[in-house]
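Over in TrEMBL, the protein carries these features:
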type	residues	note
BINDING	HIS343, HIS392, HIS457, HIS638	Fe cation binding site
COMPBIAS	51-64	compositional bias 'Polar residues'
COMPBIAS	100-110	compositional bias 'Pro residues'
REGION	36-129	region 'Disordered'
Amino acid sequence: MAASPVSVSWVKQPYTSCRPSASSSSSSSLLTEYSSSCSALGNPCRKKKQQQPNINITSCSLQTTPPPPSASASASFHFPKQSLPTLIDQPVPSTSTPPLTTPSPSPRPRPCPRKQNKEFSTHQQQSQWDWNPLQRAAALALDAVEAAIASHEKKHPLPKTTDPRVQIAGNFAPVPEQPPCHSLPVTGKIPGCIQGVYVRNGANPLHQPAGGHHLFDGDGMIHAVRFQGDGSSSYTCRFTETHRMVQERALGRPVFPKAIGELHGNSGIARLLLFYARGLLGLLDHTHGIGVANAGLVYFNNRLLAMSEDDLPYHVLVTPLGDLTTVGRYDFNGQLNSTMIAHPKIDPVSQELFALSYDVVKKPYLKYFRFSPDGNKSQDVEIPLCMPTMIHDFAITERFVVIPDQQVVFNLVELIRGGSPVIYDKKKMSRFGILDKNATDAKGIRWIDAPDCFCFHVWNAWEEPESEEVVVVGSCMTPPDSIFNESDENLKSVLSEIRLSLRTGESTRRPIICESEQVNLEAGMVNRNMLGRKTRYAYLALAEPWPKVSGFAKVDLSTGEVWKYTYGEERYGGEPLFLPRSRPEELSDQDDEEDEGHILAFVHDEKEWRSELRIVNARTLELEASIELPSRVPYGFHGTFIGAQELRRQA
Ligand SMILES: [Fe+2]
């Protein structure tokens with residue numbers, strides 16, 4: 001069934017926070033997807049008075065633009081105009097993906113008052129208009145250098161892993177912000193127990209990449225669906241306003257290096273030098289972090305934190321009307337002075353938060369720390385590693401933290417040699433470190449080798465006292481660096497059980513699913529009310545055809561039995577979120593089964609070019625509700641759910 005060729009439009013009401021973007025000048029691309037109008041021409045926009053007094057809320061109609069000629073082969077980009085040429089302006093060297101279109105600039109809607117700390121608001125105001133004549137001259141000279149670098153880069157074809165025409169094509173392409181839209185159409189019935197907000201992070205580059213770009217390099221954007229508990233829901237998406245993004249927005253183009261996409265070889269070094277030169281001259285400020293906050297989300301100590309592992313977290317507020325606003329870079333009241341990985345763990349019993357920090361340049365390459373439920377940080381525990389290692393995720397048990405030290409490492413010498421600094425070190429032995437959660441130093445860490453094991457994500461871990469084993473459940477990926485470096489070998493992501501014996505110091509590893517049913521399983525989770533304890537089920541994305549996600553699987557971790565829920569023809573999603581029926585604080589009153597709850601998943605129809613949020617009963621895998629969304633939701637990364645009570649306690 002084809003979509004009707006109509007554009008999105010919605011009515012703006014007094015005091016509404018639902019604002020359209022500027023109209024588009026192009027009709028040949030998906031720019032029209034966002035060329036909304038405030039007129040109600042032929043549009044069934046509805047104004048609905050919500051329960052809050054004196055506030056009018058806009059209800060958005062849910063029509064889409066026509067799908068692209070080939071959604072899978074085309075891309076809809078919504079970048080503001082920028083002065084320097086970009087790689088995207090060049091013809092595509094291969095036949096894989098057509099060139100991207102450049103839209104007209106559109107004003108950013110800023111409907112919400114923003115609560116900001118002083119440091120944050122100061123940097124937000126920086127722009128080239130504040131530069132003195134010397135800085136302007138230096139900026140011109142450095143721009144010429146950058147143009148020369150870009151010209152040099154264009155002579156060499158990019159690998160698919162850093163080619164923006166591949167990395168952010170189709171529904172991986174960015175979208176503009178979407179102010180809150182309320183009273184979304186629902187098919188089915190939203191379960192009454194779902195009250196609060198589902199938030200999911202993702203990469204959404206504000207500007208066209210000037211050079212190489214990896215999917216992970218994009219600016220952080222959070223998509224949020226708010227559930228009132230009365231069957232109604234709202235949707236918004238907002239950039240997390242990192243220092244980086246705010247400065248680049250003021251300058252009108254990207255100036256911070258892309259950690260994965262750009263830092264390759266001599267041109268990568270040149271871009272780094274250019275970046276630091278601009279910093280020295282005061283043309284940009286890199287002293288308050290360079291992260292994009294696009295990977296993970298955690299709700300801890302009454303704060304929603306958006307994270308990427310190259311920076312501190314950013315505190316994002318969910319407003320009473322379901323909007324999102326960045327409060328600022330969050331250092332836990334001055335306690336955190338290093339980066340923090342994007343997958344911290346909250347113990348469901350103690351409510352402590354456990355985290356790691358890794359450094360790619362200087363020792364200590366790895367630190368472990370924890371926070372009490374009210375946000376007091378422990379001292380850092382320096383974990384001795386012989387080389388800087390990518391540690392994207394880890395696990396907790398009741399007593400331990402379980403730290404993977406694997407074969408994807410950082411080697412800056414490779415950068416000088418012309419390659420990527422993120423490499424697969426085949427000579428290195430993969431291992432897991434088991435450390436007491438309350439350790440104050442790393443003397444007691446127990447390293448257990450796990451040959452050729454690379455788990456980008458770890459879904460859970462627990463202790464089995466009878467056998468003196470720590471059991472780790474993760475997806476073992478081969479080749480280990482295939483996310484970062486091009487490979488002829490097809491990626492495999494095998495759900496595995498790894499047993500670490502504290503008695504013998506040895507490990508065993510086995511696929512959980514039998515070979516005949518093997519399927520790539522990636523982003524997902526267990527019931528987080530049981531994190532660190534033995535769980536029967538995991539809910540994981542069916543990551544096929546990679547890198548798309550065609551559905552999710554509910555896996556019995558003890559038997560290997562698999563139940564699949566697929567999204568349908570040409571429909572894809574991302575991480576399935578398992579929302580337990582009861583919040584941790586309610587568990588004492590109820591006796592829920594482990595799989596009692598719902599799966600929430602954003603799904604995009606690449607044929608109809610529409611996005612929806614599906615709510616699936618986790619026990620029966622029956623669809624209970626589908627919420628039509630007012631704009632496209634790109635495929636993204638990780639999410640969490642904040643209950644209504646928790647929202648009311650936000651700091
Ligand atoms: Fe992740």
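Each residue, glycine too, has its Cβ placed from N, Cα and C.
The Cβ of HIS343 (Fe cation binding site) has ALA295, GLY296, HIS392, ASP393, PHE394, HIS457, HIS638 as same-chain neighbours under 8 Å, each 6 or more residues away in sequence. Excluding HIS343, HIS392, HIS457, HIS638 themselves, the residues of that chain whose CB lies within 8 A of the CB mean position for the Fe cation site are, in sequence, ALA295, GLY296, ILE341, ALA342, ASP393, PHE456, VAL458, ALA523.
Just so you know, the Cβ of HIS638 (Fe cation binding site) picks up 23 other Cβ atoms within 10 Å once every protein chain is counted.
Here the Cβ of HIS457 (Fe cation binding site) has 22 other Cβ atoms within 10 Å, regardless of which shown protein chain they belong to. Neighbour count (other Cβ atoms within 10 Å of the Cβ, all protein chains): 20 for HIS392 (Fe cation binding site).
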